[in-house]
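For reference, Swiss-Prot has these:
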- 9-29: transmembrane segment (TRANSMEM)
- 53-73: region 'Disordered' (REGION)
- 125, 197: substrate binding site (BINDING)
- 164-175: disulfide bond (DISULFID)
- 193-256: disulfide bond (DISULFID)
- 198, 310: Mn(2+) binding site (BINDING)
- 360-369: disulfide bond (DISULFID)
């Protein structure tokens, strides 16, 4: 009898020891999970909820300490709670499948596309754009230039003579941007998008991108050409200056501004104010836009790699991704011809910018595109 009692005592001790070990292991796992979650999401509600549920001395908000203690009284309840909370944490950490869902249902008619050019490029650049992407978006595209051109006006009724100088100077560029801004404000469009005359715009992709944002919010989207904020000096008075640093989207790649943000820019951009603002920092038009938005209004640039300028190596844009880009460009890069590398409907000699080949890739039903083009 004494021997049986000894066996029972030994089994009880072993069982209690195993139970304690299991509790310690689970507690260690829960603490490790808390530390990991804290490293990645220090302020997450799930992490706070986990701490409250697993620490009897810190019950969750709205919870009953007595019930919490009673639930924690058994290993089964403790383990079930740990499993349930871990599942909640994993669900919070998982990316949302709807993150790219449209914020606003818009069409191309909601976008004001401003193309900045100069008269000497009407034939060499604007005729190419008129034959390609503008041909499908005439009503949405407004051409801002410095000289009258009846031939260009016949192709599209949206040619606006800015009365600005034809020089490629800081003042002339800012003069044209000021007119672009004022014309957009006069319109009923939701989005203002600026591009240059060496840009191809995929309007379908542009609309898709802008639909992810609300035009009433403060949205400034584009691509910087610098790898750091630009440093400038703001003239406060004749004898008083201060340094300013800000990001700006390069005009050569194109950028877009929501109407909500554009209206807030009015004190520094409308009428003659834009020219005055540009003179305060003595920088060109696209820099002045960035200064007003980032430095004055405190709105951050949303960077998008879907915009491209001739200041980057365009050979790095793969042909398989051309249809997903918002803007493309061409020109010279490091003293070499800089354009999209692609097999297309036309040879490089026939189509040095590759815009015609890109257009036939996106719109193969274009009348002048070859029927059997190899891509």
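For all residues, glycine too, the Cβ spot is worked out from N, Cα and C.
Where Swiss-Prot records a feature, it is marked here on the structure.
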{"residue": "125", "record": "substrate binding site", "Cβ neighbours (10 Å)": "20"}
{"residue": "164", "record": "disulfide bond", "Cβ neighbours (10 Å)": "22"}
{"residue": "175", "record": "disulfide bond", "Cβ neighbours (10 Å)": "23"}
{"residue": "193", "record": "disulfide bond", "Cβ neighbours (10 Å)": "26"}
{"residue": "197", "record": "substrate binding site", "Cβ neighbours (10 Å)": "18"}
{"residue": "198", "record": "Mn(2+) binding site", "Cβ neighbours (10 Å)": "21"}
{"residue": "256", "record": "disulfide bond", "Cβ neighbours (10 Å)": "27"}
{"residue": "310", "record": "Mn(2+) binding site", "Cβ neighbours (10 Å)": "21"}
{"residue": "360", "record": "disulfide bond", "Cβ neighbours (10 Å)": "21"}
{"residue": "369", "record": "disulfide bond", "Cβ neighbours (10 Å)": "17"}
What does the structure give for the C-alpha distance between residue 360 (disulfide bond) and residue 125 (substrate binding site)? Integer Å is fine.
18
Measuring C-alpha to C-alpha, could you say which of the recorded positions 175, 198, 310, 369 are within 10 Å of residue 125 (substrate binding site)?
198
In which DSSP state, out of helix, strand and coil, do we find residue 175 (disulfide bond)?
helix
Rounded Cα-Cα span from residue 198 (Mn(2+) binding site) to residue 369 (disulfide bond), Å:
21
Cα-Cα distance linking residue 197 (substrate binding site) and residue 256 (disulfide bond), given in Å to the nearest integer:
16
